[in-house]
Structure formats: C-alpha cells, structure tokens
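Single-structure report; data block below.
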Amino acid sequence: MMQNMDVEDQPAQAEPTKMNTLDEPVLSTLWRDISRVGYKLFHVLIPRGYSEKALRDWDLWGPLVFCLALALVLGGDLAVQVFIIVALGSIVITLNSILLGGKVSFFQSVCLVGYCIFPILLAAIICTFVNIPLGSKSWAIFFNIGFAAGGFVWSVWASVGFLSAAVPDHRRLLAIYPVILFYAALSWLVLISYKQTGGRGTIGGSSSSGNSTTPTNGTLSNGL
Amino acid sequence: MSKKYERQIDDKDESFGNNEGGERKIDFEDFDLNSSTGEMATAPSNAVRNTGYIPPAAYVSSPTPPQRQATSPATPQPYVPPTAQTLYSPPTVPTETEPEQLFGQGPTAVGVDQLIPPKPKPPVRIWNIEYYQFLFDVDTRDVAIRILRSLSPLPAGFFDTVGDKPDLWGPLWISSTLIFTLAVLGNVTTWIKFHFNNQDPDNQWNYDATKLGIGAGVIYGYLGLIPLLLWGACKWFKIELGYLQAVCLYGYSLFIFIPITAVNVISYTWLHWVSIAIATLISACFIVFNLVGIFRPHMGTGAILLLVAFILHAGLGIFQVYFFVAGSVTIKTS
C-alpha cells in the first residue's frame, strides 16, 4: 500500500521539474553551464584549499571552449596544430599519469589539463592586441616572449598542484614533465603566431601559408 | 610434511592448547596467520580441529603469495617451542588495520570482525590500462640514473642498470622532447642566422613548419623501427635480446642530442658539425658497447649487426644537422 502511494506520487513530482528546465529561458540554461565553467576555472587557476572538490564533477565544455578560442585567436595553420596538440596531448598526459600508478580518473585529468590552457589563451589574446600598435618594431617580439612565457608558467603552476597529488611521490617529476612539454608546445605556438600576424620590418614575416619556402643553404650557412 | 605435523601433535598434549576442555573460543586457527590476505589454512587445520591443539603460526603452511612469504615451504622449518606468549595473548584491539599487521603477527587473538579477509582484486586483463603499468614501473631516480648512464660512451652495463624493468617512459618522452627541441631551436637558429647575415631587405624569414613534421617522422620512425629490426635479427640469429630492452637502449641513447641541440643555437656552421659529430659518436658508442656484452658469444654475426647499428645511428645523428642549416628564407628575385 505504501509502495503504491509512492509510485503515484512520483509522476506528480517529476513533472514540475521537467517542465521547469524546459520552460526556463534560454539564457538561464546557458548561464548555468557558463557559471559552472567559470567556477571551475576560477578554482583551477587560483588554487585554494578546496579546489579539488571543484574538479570532482569534471566537464569537457571548458576545455573545448578554450581550445576553440585559442585556435581562433592564433588562426590559420596554427589552428589545426592547436587542436591536434590539445586533443592528443591531454590524452597522452592522462594515460601517462595512470600508467605511472596515479589514482586519477581519466576525464578528470583531461578536464584539468584543458582548463589550465586558459592562461595561454589569455597570453595569445594579449599578444594579438599588443602586436597591433607595436607590430612593426623589431623589439616587439620581446613582449610576445614575455607574455607567452608568463602564460606558460601560470599554466604549469596551476596544473602541477593537482597532478602531483595524484601520482606516487617517487614519480612526481615523471608525471609532471609531459605537462611542461605540453604547455611549452602551446606557448611556442602563441609565439609563432607573431610571425604570422604582426611582425614586419627587417625580420620580415608575412603569413607563410602563401609563400613557398625555398631552402637557400648557400647564403645562410657561411657562418656568422 | 604431514609426518612432521603428526609428530608435533603426538608430542603435545592438551595442556599446551589455550583451551582447556577442547572448546574453541576464537576460530583464528582457521586462518593462515602468516598470509597477508588471510587465506584459509587447509590441511593442517583439519588435524588441529581433531585435537584442539593450535600449532604456532610457523607450522601453518597454506600457499602464500610469493612476495609475502617469509620462508619457502620446501625448507624444513625449525621447531620453535611454543611459549605462553605465542599461544595466547589477551584480546587487544589492534591499532593498525593493514592485513599484514593483522594477520602476520602470529596467533594473536583479535576481534572476530577484523578477521574478514580483504576482497580479492579483480584480475587485470589486457584491455585494462593497469595491465600496462609494468611498462612504466620506474621512479624518478631510476630514470635519472639511466639518463646519466646514457651520457657515457664507455661500456658501463646499461642493461644491468635496467635490470628486468625496462621502461617506456624514457624512450617516449626523450624522443618527444628531442623532436620538440629540434623543431623549436632549429627555427630559432635559422632566425638568428637570417637576422645577422641578411643584407637584402627584401628577403624574408619564414617559420618552417615542416621541421616538426619531419623531425617527428624521422625520430619516432627510427625509434619504432630500428629496435624492432634489431630484435628481429637477434631472434633470427638466436641471440638473447628483449624488445623492450632494445627500445630502452635506443630511447635513452637519444638523450644526449637534446643538450647538443641547445648548444647548436650558437649559429656557426662548424659548431653544428663538430657538436653533432661528438654527440653522434657518444650515442653510437653507447649503443654498440652495451650491445657487445650481449653479442659476445656470437661475435661473427654480432659484429656485422653492431656495424650496421653504428652506421644507422650515425646517419640519424648527421641528419640532425639539417634542422640547423636548412634555411627557411625566400629570396626575392626581381
């Protein structure tokens, strides 16, 4: 008798919630996901005591959005390289941690690596804006180097905290090193985009997709 | 073995048991107290139940996992006269809960609810990731030692250092680092050369994106193919060389090229050739001298294999000069 009453109660309870999520305005649906991504991002980038709880419900929206944004900002040939590096790189880093004996869930680790791309995305955006007025100066490349390096250091610092806790103590560096390589590759792409978009002057460097690169060993390899 | 038990049981009488009158208060003799998984002891406990005599833990001989066994069952165990301490101690609540601590300390009376053996782990099959953890069974210290050994061209027993734990971490990440370093520093070097050498303002330096692709193809291909060929040749000529050990050897031999790549940013062509020649020599000698130990019983075919390996590795080394001298400059011809 009690069970029958429960079964009858359930549909009446289920329907109001179903109608709520269908009826709610689109903005609130979007905002729920965006706020979740923002919450996780905040806790990943500025690590505090309870950051690990924030990552426990992983999602891949954040990494996808950041990867897309980075590809758009860098543009051109580099977009494809960004996708390949981010996709393959997160998988390989996660597999590396698990194979070294780390007790880390696969998607949680992919989520973490993807979220920590954000500083490099910031660096790419800042570099793009800095290159617009400064692109013709030959010393502008040092700004690019500085921002790319800063993004790299911040990304590595953010992800090291989580990953090193997951792996046994004696193997910490073995698990962290691929992360360093991964973010170094992405930062290098950010640096290279300077050549694609901004740099002119004695260094040259209009976009390389149109030009044919003819190797000219003769003129350059005479030594300095 | 059964004779010994019978002898012991004959020698003892009920006065040594901890239960007068034959009642058994605690069933701990049903469990193998030497085994950390708390397996049931089998045959001896049958003999025990009949007489109420509880042998000291040294005599309970159910199969234990090999890595946790204190003594092998084949060696006769010395007779330790049971004392009151080993036979009975007042029930205490153990502070540790590890199975080794609970079950490995001899016949200590413990609470019954802590005698539940831990759940057996599910078997790890070939489609679980954990199955492949044996390929990465190294610590940071091990990798550092192997890398340092690879820097020396003198025969120093690399395979002894590796032992029976060849790892794939080293080959994988050393080769990936080398590819990345060659691509990045190759472009940096050509940029520096252009910046310092270029007279004509119409020339342009272009980022050579093909260096990454070519580097990845050559180095991953070399690391995938050559150890396989070497292992195949060894199988053919009945020489003992494991595939993982060959991959390990070749992988760690690539390490020395990474600092040499950094040195080559200094953009003198003679420096490129000299530094890469030195690195190639060290690396190839490392490979050859460590393989000599394995090939010594088969010196005829072994010498030919070593020569081929040396030449191939020299080819790989010389090829790396390409990354630093292949200019990526378009010359405007007006």
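Using N, Cα and C of the backbone, Cβ positions are placed for all residues, glycine too.
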- request: For the transmembrane segment entry in TrEMBL, name the matching range from A:63-81, A:82-100.
  value: A:82-100
Field: Same-chain residue ranges lying at least 6 outside the transmembrane segment (A:174-194) that approach it to Cβ under 8 Å
entry: 70, 73-75, 78, 81-82, 85-86, 89-90, 92-93, 96-97, 100, 102, 113, 116-117, 120, 123-124, 127-128, 131, 140-141, 144-145, 147-149, 151-152, 155-156, 159-160, 163-164, 166-167, 205
Task: Give me the mean pLDDT over the domain 'Yip1' (A:44-189), rounded to a whole number.
output: 87
